[in-house]
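> Just dropping this structure here.
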Amino acid sequence: MGRGSGTFERLLDKATSQLLLETDWESILQICDLIRQGDTQAKYAVNSIKKKVNDKNPHVALYALEVMESVVKNCGQTVHDEVANKQTMEELKELLKRQVEVNVRNKILYLIQAWAHAFRNEPKYKVVQDTYQIMKVEGHVFPEFKESDAMFAAERAPDWVDAEECHRCRVQFGVVTRKHHCRACGQIFCGKCSSKYSTIPKFGIEKEVRVCEPCYEQLNKKAEGKASSTTELPPEYLTSPLSQQSQLPPKRDETALQEEEELQLALALSQSEAEEKERMRQKTTYTAHPKAEPTPLASSAPPAGSLYSSPVNSSAPLAEDIDPELARYLNRNYWEKKQEEARKSPTPSAPVPLTEPAAQPGEGHTAPNSMAEAPLPETDSQPITPCSGPFSEYQNGESEESHEQFLKALQNAVSTFVNRMKSNHMRGRSITNDSAVLSLFQSINTMHPQLLELLNQLDERRLYYEGLQDKLAQIRDARGALSALREEHREKLRRAAEEAERQRQIQLAQKLEIMRQKKQEYLEVQRQLAIQRLQEQEKERQMRLEQQKQTVQMRAQMPAFPLPYAQLQAMPTAGGVLYQPSGPTSFPATFSPAGSVEGSPMHGVYMSQPAPATGPYPSMPGTTADPSMVSAYMYPTGAPGAQAAPQAQAGPTTSPAYSSYQPTPTPGYQSVASQAPQSLPAISQPPQTSNIGYMGSQPMSMGYQPYNMQNLMTALPGQDASLPAQQPYIPGQQPLYQQMAPSTGPPQQQPPVAQPAPTQGPPAQGSEAQLISFD
């Protein structure tokens with residue numbers, strides 16, 4: 001909506017009223033003017049007209065179509081964009097289908113045909129041409145078309161141009177200097193270059209809008225040309241014989257010149273009398289009220305009705321004193337002295353050329369000088385304070401209307417005075433006997449000091465405002481300098497901030513570099529510590545290796561024990577069954593090097609004093625034990641009635657089964673079958689995952705080899721027990737777990753172990769000991 005939406009709605013309702021008998025062209029033209037001058041937006045106007053077109057009343061629809069036709073023809077491109085589109089064309093087609101009124105249908109067809117012809121060269125309005133062709137194909141009969149109906153001559157206001165400087169004076173826009181657009185040309189101007197207001201009839205703008213100086217001159221030039229043609233003389237005067245007469249004034253003879261001189265003398269006489277009266281009045285006023293203001297104009301000027309009155313009695317005494325006064329005014333030295341005194345007086349006076357037009361009565365050339373010089377001496381007696389009175393009154397709230405009234409009264413008095421004198425001159429009357437001329441002269445003479453005061457006030461005001469302009473210019477320069485200083489200060493602050501930021505970045509970079517160096521040093525120290533720890537660990541490992549080597553050398557130098565496993569004994573259970581120890585057993589006063597296995601020759605080297613052998617087998621005297629040979633124990637055989645444990649109670653399936661047999665007697669060993677049960681030394685072996693080959697019951701040679709380092713290293717358990725190559729299997733060897741039957745209590749059996757049957761050698765008979773070897 002626009003600012004004139006209410007007016008537009010009212011005019012649209014009036015133009016489309018169902019009570020109309022004919023088209024209301026006045027309202028339609030006003031609607032067009034509202035749209036053209038921008039008071040109503042084109043989109044809003046077209047939508048409102050569409051609503052009227054779709055009204056059920058055919059009269060309203062017909063008048064709305066008339067309004068739409070006029071708007072399209074007169075309002076330019078903005079309305080064309082709203083009407084010549086697909087939506088509007090579809091709405092008109094739908095209205096044509098459902099409308100039964102013939103006049104409305106014909107009007108719709110007429111408009112579509114006219115718009116299609118008018119917009120035939122506009123590509124963006126091609127939808128109108130397409131709609132027209134489609135409707136022709138559909139069989140609609142269009143009315144007779146005249147090309148004059150499609151003539152659109154609508155000028156619209158140009159689009160506004162945006163810029164940062166004035167189009168005329170090139171002043172940059174800012175906070176104080178604002179942008180203004182000319183409604184006639186669309187350019188952008190400052191306030192000084194676009195201070196004029198004018199109507200633009202060619203754009204339909206009937207109200208005064210802002211225009212630039214060139215457009216204002218162009219528009220007003222046309223208006224003045226039209227006005228001059230209208231203010232010419234009427235044709236009746238031109239055809240009359242009066243116009244054929246010469247308009248030049250008649251030549252004056254000596255008599256006329258003499259009368260004019262007498263008139264000037266009479267004016268001077270009346271002026272002197274008026275000055276004298278004014279002087280006396282001011283003296284009485286100043287003595288009573290020293291600071292009183294001068295009397296207003298109404299008291300000094302006679303009423304308008306008395307200007308043309310001719311009181312004979314008042315003019316008679318003035319005529320009697322003509323001769324002495326006339327002699328005084330003819331004295332040139334007197335007036336020259338008055339002029340010199342007026343020049344020396346401090347009171348400013350009006351310039352002579354300004355007073356000449358008011359006092360000049362006619363075409364005389366000599367008398368105006370004396371008339372202009374007459375009021376000058378009288379200004380000497382006037383004080384300076386009254387001169388500033390009107391100006392102070394004006395500053396205290398006196399409006400300009402009083403000055404306008406004063407000037408109008410003075411102008412009327414002067415014009416009346418001049419006309420009266422001309423009339424007297426034309427009739428040949430003497431002006432000295434005309435009381436109206438004298439009264440007018442007196443009133444004009446009274447107004448003259450006030451006119452001088454007004455001129456002084458205007459001069460003072462001009463000086464005052466010039467001073468203000470100078471101060472404004474100084475303020476403007478100061479603001480410019482201040483703005484420059486502020487900009488320079490901001491630039492300095494920005495540079496300082498940038499420098500501080502750069503220094504901060506440099507410091508941060510230095511700190512980061514120092515921290516990186518410290519980190520590298522810390523990592524280097526950590527690496528050195530780690531290397532040192534590794535070296536210490538390596539030294540400890542070397543020391544342990546040296547200790548192991550020394551231990552091995554000491555073992556190699558020491559004699560071998562006859563029974564290396566003498567301290568490893570297993571206590572028999574109550575049933576007399578011997579169990580193999582399930583794990584290594586620690587004994588006091590022993591030394592076990594790292595990596596040694598319990599049961600090896602290295603294990604238990606530094607044992608305390610060996611306990612005496614409790615077994616029934618004495619050690620071999622005077623011989624050196626072979627490290628590859630392990631002392632054999634003779635296990636007593638069990639009772640004859642003892643049987644092997646059932647297979648259900650067997651241990652791991654990989655272990656050899658128990659087999660009860662009679663060991664064959666071996667030379668050099670005694671049978672202990674008849675001895676009482678006693679604790680036998682248990683044989684501690686390292687855990688093995690494979691079957692261990694035991695020595696069979698065949699006789700073996702008991703020759704011992706010397707105890708050397710090579711045999712000791714071969715006897716160490718450092719090799720993997722799971723390798724079968726290191727566990728040689730001796731053919732004919734019979735593994736033997738002896739079942740022992742104690743003398744007291746029922747016979748018990750050892751846990752049976754799965755054992756393959758012997759492959760070589762017949763089983764031995766009798767209760768004999770068996771030699772068992774452990775590698």
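Just so you know, glycine gets a Cβ as well, placed from its N, Cα and C.
Pulled the feature table from Swiss-Prot, pasting it below:
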type: BINDING; residues: C166, C169, C190, C193; note: Zn(2+) 1 binding site
type: BINDING; residues: C182, C185, C212, C215; note: Zn(2+) 2 binding site
type: COMPBIAS; residues: 744-761; note: compositional bias 'Pro residues'
type: DOMAIN; residues: 258-277; note: domain 'UIM'
type: MOD_RES; residues: Y216; note: phosphotyrosine
type: MOD_RES; residues: Y308; note: phosphotyrosine
type: MOD_RES; residues: Y329; note: phosphotyrosine
type: MOD_RES; residues: Y334; note: phosphotyrosine
type: REGION; residues: 223-319; note: region 'Disordered'
type: REGION; residues: 225-541; note: region 'Interaction with SNX1'
type: REGION; residues: 338-405; note: region 'Disordered'
type: REGION; residues: 443-541; note: region 'Interaction with SNAP25 and TRAK2'
type: REGION; residues: 452-570; note: region 'Interaction with STAM'
type: REGION; residues: 478-775; note: region 'Interaction with NF2'
type: REGION; residues: 640-690; note: region 'Disordered'
type: REGION; residues: 719-775; note: region 'Disordered'
> Within 10 Å of C215 (Zn(2+) 2 binding site) by C-alpha distance: pick out those among the recorded positions C166, C190, C193, Y334, and say none if nothing qualifies.
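Among C166, C190, C193, Y334, not one has a Cα sitting within 10 Å of that of C215 (Zn(2+) 2 binding site).
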> Which residues does Y216 (phosphotyrosine) neighbour through Cβ under 8 Å, counting only same-chain ones at least six apart?
K196, S198
> Do me a favour and check the Cα-Cα span between C185 (Zn(2+) 2 binding site) and C169 (Zn(2+) 1 binding site); whole Å is fine.
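Approximately 16 Å lies between the Cα of C185 (Zn(2+) 2 binding site) and that of C169 (Zn(2+) 1 binding site).
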> Tally the residues of the region 'Interaction with SNAP25 and TRAK2' (443-541) by DSSP class, grouping H, G and I as helix, E and B as strand, and everything else as coil.
99 helix, 0 strand, 0 coil
> Should C166 (Zn(2+) 1 binding site) be counted as helix, strand, or coil on the basis of DSSP?
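It is coil.
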> Reduce the DSSP letter at C182 (Zn(2+) 2 binding site) to three states and note it down.
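In the DSSP reduction, C182 (Zn(2+) 2 binding site) maps to coil.
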> Which one of these binding-site residues, C212, C215, has the sparsest Cβ neighbourhood, judged by other Cβ atoms within 10 angstroms?
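The binding-site residues C212, C215 were compared, and C215 has the fewest Cβ atoms within 10 Å.
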> For the Zn(2+) 2 site (C182, C185, C212, C215), what does the 8 A shell look like? I mean other same-chain residues with CB within 8 A of the CB centroid.
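So the extra residues in range turn out to be R183, A184, G186, Q187, F189, S194, V211, E213, P214, Y216.
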> Just to confirm: which same-chain residues, 6+ apart in sequence, have a Cβ under 8 Å from the Cβ of C190 (Zn(2+) 1 binding site)?
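Listed in sequence order: C166, R168, C169, V171, F173, T177, R178, K179, H180.
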> By CA-CA distance, flag whichever of C182, C193, C212 among the binding-site residues is nearest to Y334 (phosphotyrosine).
C193
> Between C212 (Zn(2+) 2 binding site) and C193 (Zn(2+) 1 binding site), what is the CA-CA distance rounded to a whole number of Å?
6
> With an 8 Å cut-off on Cβ distance to the C166, C169, C190, C193 Cβ center, who else from the chain surrounds the Zn(2+) 1 site?
E165, H167, R168, R170, V171, F189, G191, K192, S194
> Tell me whether C190 (Zn(2+) 1 binding site) sits in a helix, a strand or coil according to DSSP.
coil
> Need one number: mean pLDDT over the region 'Interaction with SNAP25 and TRAK2' (443-541).
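Averaged over the region 'Interaction with SNAP25 and TRAK2' (443-541), the predicted model reaches a pLDDT of 93.
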> Validating a neighbour-count step here. Other CB atoms within 10 A of the CB of C193 (Zn(2+) 1 binding site): how many?
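Total other Cβ atoms inside 10 Å, all chains included: 19.
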